[in-house]
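Okay, so here's the structure we're looking at.
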């Protein structure tokens, strides 16, 4: 892959000057996070970590990722409506993974009662890396699809301007003009606004369901402010607020503090640590309501790693997307090798293969939020321990993707300025709204590029490993 900034990276004085400009530009543009020391206060903030230079991304692969996003939106929506598929796919996982099992129990309870919800909103992010083949050509390979709390659509809406200024400061005005505009926060807000409108109550609010610790609040505010600009009222609440103050009326309309809630936008609820008994009860109350949940619990289950692995089996996509052979081909072209560790001959064989050659694979549990995957020696040790136990069915195996590293500077508050060998991950945001059986909106809503030093195997921006970036198409 082309390395467009080879001359710049070696010029220490130019890099120092550009980094000082970049940090101030990020603060001016609102590429911000609260600090680890004061995560609940905006009195002290700092810039979110980002690359000094935009990273090279092959134009053809970037366009491929955008072209397949509407197909992935349709696929996620189809899975969320297919009870039989979710039941069969997650049968082994829910025996050994308590978190997935509890989500699944709520899903079944809500189905048995009958869904009150008639409008469905999906905001997802499909993440890819560029796998470098032996002949040097790169291929787009999906890492995962995030169907709950897909973050950084707000901050990445502001990062391209920072990188454009940096390139100008470095004398690369022509290159700066080639950076693509990107505003996922507008696209995400468009989906939420459409769902709110179809819910049909002008006085109802959109509720952002947020974490107890809210370091990434400015990312959320970008989307929130887009809604306020459309005169849609937004409230921010935690699970505990729902438990203490939430209620349903006879038509299963959701009320919090006396306000009717049209849309619940989850920025929380994807890790087991979130949930105590009260929070599980709050989640059930939300799922039973008529409010549009983003995601509803079926869509959260559609994003599990086990579902991802099952989709790679021959014939599965054809069943879920009948009569759409082109969409099936586009989706399948992005799959890396995915393998089941279910009990039986197939699972035994793949477990043995991974133990013998752990560098070929990634071991993935059913978890979101970054920093959960296992590699190399750690992968081998865990598989050795659980190879004869049903516990192994709570994981899937995936071929390890091998991208081509490039040199860049990762700007982090209070960290030295030093060049790093880096790899990038491209995410495409997708938004869809369905009313009954009619797909009302289906769009790709923008992109997110995250970059990390090669010594870190796993983890995103919120996990403190990756940093925000901007694609420079080559």
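Each position is counted from 1, following the chain as shown.
Every residue, even glycine, has its Cβ placed from backbone N, Cα and C.
With a 10 A radius on its CB, residue 270 (substrate binding site) counts 20 other CB atoms from all the protein chains. Residues annotated as substrate binding site in TrEMBL: 125, 148-151, 214-216, 220, 267-270, 450, 461-462.
Among the features that TrEMBL reports, Mg(2+) binding site is placed at 144, 146, 368. Within the same chain, residues at least six positions away from residue 144 (Mg(2+) binding site) with a Cβ under 8 Å of its Cβ are 126, 127, 303, 305, 308, 364.
Long-range Cβ proximity for residue 365 (ATP binding site), meaning a same-chain Cβ under 8 A and a gap of 6 or more residues, is found for 97, 305, 372, 373, 394, 395. If you look up TrEMBL, you'll see 144, 305, 364-373, 375, 398-401, 425, 452, 458 marked as ATP binding site.
Taken from TrEMBL, the feature domain 'Glutathione synthase substrate-binding' applies to 204-302. Here the domain 'Glutathione synthase substrate-binding' (204-302) has a mean pLDDT of 97 out of 100.
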Euclidean distance between Cα atoms of residue 368 (Mg(2+) binding site) and residue 461 (substrate binding site), Å: 13
DSSP-assigned states of the domain 'Glutathione synthase substrate-binding' (204-302) in counts, ordered helix, strand, coil: 41 helix, 26 strand, 32 coil
Residue 270 (substrate binding site): nearby binding-site residues from 368, 375, 400, 452, Cα cut-off 10 Å: 368
Nearest of the binding-site residues (146, 375, 400, 452) to residue 268 (substrate binding site) - Cα to Cα: 146
Cβ neighbours of residue 125 (substrate binding site) where a neighbour is any other Cβ within 10 Å: 26
Surrounding CB atoms that lie within 10 Å of the CB of residue 400 (ATP binding site), all protein chains: 19
Those residues of the chain, 6+ apart, with a Cβ under 8 Å from that of residue 151 (substrate binding site): 216, 219, 267, 461, 462
